[in-house]
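Annotated features, as they stand in TrEMBL:
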- A:6-27: transmembrane segment (TRANSMEM)
- A:30-544: domain 'Cytochrome oxidase subunit I profile' (DOMAIN)
- A:48-69: transmembrane segment (TRANSMEM)
- A:89-114: transmembrane segment (TRANSMEM)
- A:126-149: transmembrane segment (TRANSMEM)
- A:176-202: transmembrane segment (TRANSMEM)
- A:214-241: transmembrane segment (TRANSMEM)
- A:261-285: transmembrane segment (TRANSMEM)
- A:367-391: transmembrane segment (TRANSMEM)
- A:403-425: transmembrane segment (TRANSMEM)
- A:445-464: transmembrane segment (TRANSMEM)
- A:484-504: transmembrane segment (TRANSMEM)
- A:600-616: transmembrane segment (TRANSMEM)
Amino acid sequence: MATLIVIIVFALFLGAILTGGYNREYLERMQKSWIWQWITTVDHKRIGILYLLAGGFFFGVAGLEALLIRIQLMFPDNQLLTGDFYNQVLTMHGTTMIFLVALPLLFGLMNVIVPLQIGARDVAFPFLNSLGFWLYFAGGLLLNLSWLFGGAPDSGWTNYATLALNDYSPGPGINYYVLGLQIAGIGTLISGINFLVTIVNMRAPGMSYLRMPLFTWTTFVASILILFAFPPLTAGLFMMMFDRLFDTKFFAISGGGNVTIWQHIFWIFGHPEVYIIMVPAFGIFSDVISTFSKKRLFGYNSMVFATVLIGFLGFMVWVHHMFTVGLGPIANTIFAIATMAIAVPTGIKIFNWLFTMWGGRIRFTTSMLFAAGFIVTFVMGGVTGVMLAVVPANLQVHDTYFVVAHFHYVLIGGTIQGFFAGLYFWWPKMFGTLLNERLGKAHFWLFYLGHHLTFFPQHFLGLFGMPRRIFTYMKGYELEMSNLLSSIGAILMTAGVLALLYNIMLTLRKGEPAGSDPWDGRSLEWAISSPPPVYNFAQIPRVRGLDPWWLEKYEGDGTLKAAEPLGPIHMPSPNHLPFLMAMSFFISGLGFVFHSWQVGFLGLIGVAIILFVRSFEEDHGYHIQPDEWNGVES
Amino acid sequence: MKRYLPAKWVVACLLMIFIWVTGCAKHNMSVLDPQGPVGKVQLNLLYLSTGIMTFVVIVVAVIYIYVVVRYRERPGDEEKDPPEQVAGSKKLEILWTSVPILLLIVLAIPTISTTFTLNKKPDPDHSIRINVIGYQYWWGFEYPDYKVTTSNEVHIPTGKKVEFILKAHDVIHSFWVPSLGGKEDLTPGRTTRLVLQADKPGIYEGKCTELCGASHALMRFRVVAHQPEDFEDWIASQVTPDSTPKNKQAEQGRRLFAQNCIGCHAIRGAGYKVLGRTAPELTAFSERTRIAGVLDNNRANLKSWLKNPQGIKPGNRMPAFDHLTDQQVEAMVEYLETLK
Amino acid sequence: MRIEEQTASVAGLPAEPEKATLEGKNKILGFWFFLAAETTLFATMIGTYLALKGETMNGPTPYELFKMPMVAFATLILLTSSLTSVLGIMGMHANQLKKLLQWFGITILLGAVFLGLEVYEFMEYAHEGHTFTSSAFGSSFYLLLGTHGGHVLFGVLWILGLMIQGRKKGITVHTAPKFYVASLYWHFVDVVWIFIFTVVYLMGMIP
């Protein structure tokens, strides 16, 4: 009965929206509101901001979860979060941070900046760009809805079978995990393809591959990784979903299933995934370091080569997450050597950054502080990575707090600090105002010291025999002091993030105007006004070398050369279908979570209908005529 | 000048932490204080890699500190021309590509050889075999050569290789005794093995290190290493356990056990016709150091465990026996705590 | 872009109408990337099938189960449909809408016959106790074949939709990339089938 009501309401709802039938006047009023404009936007800069908002929201959620974990572990035998609830918190912390925070925050910056850096008016597929965002958001929302209805997933972000199967996780939690990630994953794949085509096809004349800024390059490499890493996850999630919903036997031992297959599939996806969220941060740091050192990036070509090599090797090392599975010494050593090999291109990058600064004139803005701090943190995270590749040593520290320390060093030191560096760097470009530097420095020091205080002692916790993912530990095993320090560090990090929030609020209310080029930038985005006009470039620029804007400023006359005459500019029209489609996916996912096939399939039918509507749609966009902007641009 | 203060403060702080946490561990739970050859070999590799990596860190740190101090922008620099735009340097780039490769080769060779050595099957005449079965939140141990079973505490002889043959009953677990050596997973549907050895008698803490459910944190066990002759005595006492009730109260406890516990738990040598195998075996229970792997083994703790097992180890399969009267609980405790 | 479109309708289509606009080029390149992703998806499923095909749980083995003559016939049909879709695209390049629609019509007809045969085949297997939930072999078999079959079904519906669009709008620089991409998709589904035929059916014939 309940399903029937849901179906009827949903059908009416969908019908009403698709036909625009029930109240035209109301619809028209809605279409003028700002919320409708943001929902239907296909402007890459606005979608970027949506990514930042959603990613920031989930960052808050997952950060609170982290804080809860640290409060529970602050003292031995603490009783705040125990048993299954603790497992839910740690699972959601990891899953949210990896899938809903790290990548979307980077996607936000990519969306705003990459088209500007290559001199394009938009991304290749504005519609798909919007669809990618809304699918990600729908998936993230679905996943986090688990807190309210039925309990969150509790098998870790790696979600190993058989713990994740019905027998051992009977609630709907893992269903949320499977379906939420499936939906968000489709969105990510779409965005990845969009970035790839944008970078291949939409570069301005003269912007050859070896003139692209490093952030664009790393976006390109990360997108290729997305392209090949997410489909295995899709396949794996399907298997897990069928095992849970339809009683198939992929991982069920009783039916001949094999739990190691899930581990392989997960890490064939999982290892490239951590590079997907690392590599773009490398790009941000490269741009930030060279800008604030007032120097061209040292060894540009080898930087590009190292990035590509890291991406390629990223697919060859997944077994290093499985050294204790017992795959035999041959497999283990091969993957150990492949893992060590990654240290070489990573080392190339570190030294290239150092020598970019060498002989430069370094301005320690907040953005640069994050980049400089990153080098220290990342070298420490990197060396523990090599230590983990040493198989016999790995057997000792695998799945202990040593590993927790290692990956937080690289992920916070790399991805999160990279995002912060990028945020302070490009905020003026996005919003036309400068973030407050004093607060920014407070943010940096609190967060940075907090990070080291949190995670440095965790190396020792691991060596002292503390496994990861445990909700309590006993008194008298030398674990108390390090855990306490670690928890205090987490509080400092929280204070740092609060300083950032306060800074953003302050700046949005009355920020200092930035001008188009506040940092003496090097790439094309600094040649246009802040925030950029909706069409980005009145005339598509002609690029004459690496660091084109620097080139024009210091060796040319300080203006970009145009590659085309002034003329009407073609723009894509806003579209509400991506939002509807994500909503249909969301409803479908929710249906499947609760084994309600009717609702599940109804959602999918909704998706199919919208696909067809889209295919038949005549969307030629609109044109901005020269006189519309003549007065604005000088 | 004031701006430099935080950096110094960090160093001082990190140093303090370092001194604090490396303070010597008195318990047998630390990777840094190995008690057997496997753990020692692994620690040596850990030290070797730490050494090589410390060298890398120092090189980077020296360049980094120099660069950050020497090339920071100073007042008045704004008016000068921008610095020279250097494209790169072939020589330097070759240097920092090849030196890491050399360092990694130095690290890779012992990695490979040790990995293969540690995987060697021990000589059956000079080693013993123990089957380990991981259940949600407890460990079952079988000695196939002696027909002895026990749980949560495994006894081994010193100076002898022990081959643990690992199986999982329900979900993936991982078998780890930090002070004896590295871990291996127990995977449902597969059999894996791990060879360890203890040099000195003692009690070594063990852990499950693969998330296995609500009480993963409490899935602890202990390895008790004896001198070889003491080990033979222990085995002998396990083959013929003393499970007869010593007094009337214990006899009542024996009967209550038969009514309430025998479906899941087993006590050998007590005349029970059934031996439950879905929960830890309790033969010679009074000799255990821990209850359920988490509580010190004494009467008070056993009582609270019987009354509220879920509160102590959330999600485990044991129901609370709160329908028993205090007198009945006393009887059961009396019986269990006299099993030898 | 408007201007191009108008000139196109007056002076006839460019030689390769699907690549005449930047949007068309983007669409085709993006679709190639999408197919690369799909390849990894199927590779994962084929790998899983290979790992699990021995786990029949006393049910029929691949050798006992597969109906080779019928599968070979279905393969022939699907391969032919790839050819007809090429003929359709040739019609498009010659700016002959009728030829395009005819050949695409035959393509989806063949696709539908293939689907029918596959459904019949699955029903036969289910009779013999080989189902989605009977064993790990069954699960991995139906996941792989089902995903492929789902792709064929989607292709049939998609091309059907495109044919309706083609009738309404004709061949323009906007519709041409859609036809072209759909035919790419159809070839891809075909190539995947060749792999499935080899790995699942032919290798399954080794007892």
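The backbone N, Cα and C atoms fix where each Cβ goes, glycine too.
Same-chain neighbours of the transmembrane segment (A:214-241): 106, 109-110, 113-114, 117-118, 159, 161, 164, 174-175, 178-179, 181-182, 185-186, 188-189, 191-193, 195-196, 199, 248, 250-251, 261-262, 265-266, 268-269, 272-273, 275-277, 279-284, 286-287, 297, 300, 303-304, 307-308, 310-311, 314-315, 422, 592, counting only residues six or more beyond its ends whose CB sits under 8 Å from a CB of the stretch.
With a cut-off of 8 Å on Cβ pairs spaced 6 or more residues apart, the transmembrane segment (A:176-202) and the transmembrane segment (A:484-504) reach fewer than 3 such pairs and are scored as not touching.
In the predicted model, the domain 'Cytochrome oxidase subunit I profile' (A:30-544) has a mean pLDDT of 95. When Cβ-Cβ distances below 8 Å are used as the criterion, the transmembrane segment (A:403-425) is approached by residues 52, 97, 102, 105-106, 109, 113, 215, 274, 277-278, 280-282, 284-285, 287-288, 291, 365-368, 370-371, 373-374, 377-378, 380-382, 384-385, 388, 397, 435, 440, 443-444, 447-448, 451, 454-456, 458-459, 461-462, 468, 500, 519 of the same chain, each at least six residues removed from its ends. Packing against the transmembrane segment (A:126-149) from elsewhere in the chain are residues 40-44, 47, 50-51, 54, 58, 61, 92, 95-96, 99-100, 104, 107, 111, 172-173, 176-177, 179-188, 190-191, 193-194, 572, 575, 577-579, 581-583, 585-586, 589-590, 593, 614, 619: each is 6 or more residues past its ends and has a CB under 8 Å from a CB in it.
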